[in-house]
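Take a look at the structure below.
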């Protein structure tokens with residue numbers, strides 16, 4: 001396979017590697033090509049420095065992945081905490097916790113909350129993939145943490161890849177001080193920091209971005225993350241068709257209703273045909289949960305890219321028209337025109353201005369939308385609801401399509417009481433080191449043994465699955 005190496009952030013070149021090629025071997029190839037000592041090279045990928053003993057497969061490097069290699073002398077601080085503080089001291093047995101790459105982070109617990117503590121953002125499937133990756137290429141995990149809309153060449157929802165770059169030099173040479181734990185860490189600027197490894201760059205600000213995971217991408221290829229779309233790890237039936245599909249979209253209502261992407265597409269098109277999208281002053285043109293739950297408008301409007309190019313263009317047009325109407329304007333009623341106009345308040349005679357080739361020149365009545373006339377309007381009809389295509393949801397299906405109900409069942413199966421205060425605590429992946437969230441307790445204990453955390457637990461089964 002081929003990986004692309006960017007050396008000192010200046011230029012890139014391809015390097016042929018195997019899945020079992022070590023990072024040190026990759027350094028040796030680059031060092032020979034560049035005429036520099038291999039021990040001065042540092043390999044940066046997805047927000048962390050890759051250690052010499054790791055292999056290409058262990059690091060989740062895929063065909064035509066881009067890695068950054070910088071020439072920088074080793075420092076004493078690097079020996080203990082080279083990758084941003086995620087690596088603890090060696091255990092008595094010598095086991096070392098490698099800092100977790102962005103390729104293994106899962107933020108769905110932020111959108112799909114549970115009562116977890118500790119490393120709640122790492123799902124059980126992610127922990128399994130750690131051990132599976134070491135067994136060979138045939139065990140490569142199929143679980144996808146992120147989904148994006150790829151505008152090209154895919155033109156559809158695809159698994160995504162989370163990446164990070166330095167906010168100063170805009171190179172992907174920044175190692176994170178700690179990994180993101182929620183979507184806000186990724187989507188809100190200036191929340192996360194690290195250390196840029198590029199020579200002469202003092203940058204510490206992390207900037208996250210996403211790429212389509214279905215095809216090789218260049219440095220500049222980015223895609224928008226769809227944070228409501230997730231793997232249907234709990235096998236929740238779709239609220240509309242009641243089938244168990246994957247992936248699914250989870251609305252941000254209290255019940256976290258689940259809908260498959262095909263039914264979400266139909267829901268959007270139906271509401272679009274009826275012009276029943278909601279115009280929100282802050283969010284824009286959006287839709288609530290299909291069950292009509294309050295306070296559930298979709299905030300990330302790129303989810304409507306699922307409509308496809310033609311319908312999405314119509315969505316944008318209707319959104320712009322709705323904005324004009326909200327401002328007190330009118331739309332030209334002549335077929336094929338529909339220009340947005342802002343006549344004076346109380347002005348009955350409206351002319352679709354023909355300036356700049358935007359208007360058609362049609363003169364119409366503001367009240368009845370017919371050709372302009374003197375006197376009373378002959379007839380006025382309510383446009384809304386005349387041809388409404390009702391999109392109804394079965395109440396029983398709505399009750400079964402709740403992500404939170406499945407979450408409660410999961411919690412029952414995955415919780416253990418704190419050994420000191422008996423408060424139930426859920427383990428949602430990650431290590432065996434638990435901490436009671438109760439302020440009066442805060443006991444650190446071992447999930448495996450059920451006793452207070454000690455050095456024996458640390459050395460014996462800290463990271464057992």
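Each residue, glycine too, has its Cβ placed from N, Cα and C.
Worth saying up front: this structure is predicted, and the values here are computed from it rather than measured.
According to Swiss-Prot, the feature domain 'Ubiquitin-like' maps to 1-76, an assignment based on sequence analysis. What Swiss-Prot lists as region 'Disordered' is 71-96. Taken from Swiss-Prot, the feature region 'Necessary for PINK1-dependent localization to mitochondria' covers 77-237, and the record attributes it to similarity to another entry. Annotation source Swiss-Prot lists Zn(2+) 1 binding site at 238, 241, 260, 263, citing sequence analysis. Taken from Swiss-Prot, the feature Zn(2+) 2 binding site applies to 253, 257, 289, 293. Look at Swiss-Prot and you will find 365, 368, 373, 377 tagged as Zn(2+) 4 binding site.
For residue 257 (Zn(2+) 2 binding site), the nearest neighbour among the listed binding-site residues (238, 263, 365, 377), judged by C-alpha distance, is 238. Cβ packing within 10 Å was compared across the binding-site residues 260, 263, 368, and the lowest neighbour count falls to 368. Apart from the site residues 365, 368, 373, 377, the chain places the Cβ of 364, 367, 369, 370, 371, 372, 376, 378 no farther than 8 Å from the centroid of the site's Cβ atoms, the recorded Zn(2+) 4 location.
Same-chain residues with CB within 8 A of the center of the 253, 257, 289, 293 CB atoms, the Zn(2+) 2 site residues themselves not counted, are 251, 252, 254, 255, 256, 288, 290, 291, 292, 296. Neighbour counts of Cβ atoms within 10 Å were compared across the binding-site residues 257, 373; the minimum falls on 373. On a Cα basis, residue 373 (Zn(2+) 4 binding site) lies 50 Å away from residue 241 (Zn(2+) 1 binding site). Taking only the Cα positions, the spacing between residue 377 (Zn(2+) 4 binding site) and residue 289 (Zn(2+) 2 binding site) is 39 angstrom.
Most Cβ neighbours within 10 Å among the binding-site residues 241, 289, 365: this distinction goes to 289. For residue 293 (Zn(2+) 2 binding site), the nearest neighbour among the listed binding-site residues (263, 365, 368), judged by C-alpha distance, is 263.
Residue pair residue 365 (Zn(2+) 4 binding site) / residue 289 (Zn(2+) 2 binding site) shows a Cα separation of 37 Å. Per-class residue totals from DSSP over the domain 'Ubiquitin-like' (1-76), listed helix then strand then coil: 16 helix, 27 strand, 33 coil. Take the mean position of the Cβ atoms of 238, 241, 260, 263, the recorded Zn(2+) 1 site; other residues of that chain with a Cβ within 8 Å of it are 237, 239, 240, 242, 243, 245, 248, 259, 261, 262, 264. Using CA atoms as reference points, the binding-site residues 238, 253, 263 were checked against residue 368 (Zn(2+) 4 binding site), and the closest is 263.
Residue with the densest Cβ environment among the binding-site residues 238, 253, 293, 377: 238, by other Cβ atoms within 10 Å. A coil conformation is recorded for residue 368 (Zn(2+) 4 binding site) in the three-state DSSP classification, outside any helix or strand.
Secondary structure at residue 260 (Zn(2+) 1 binding site), taken from DSSP and collapsed to helix, strand or coil, is strand.
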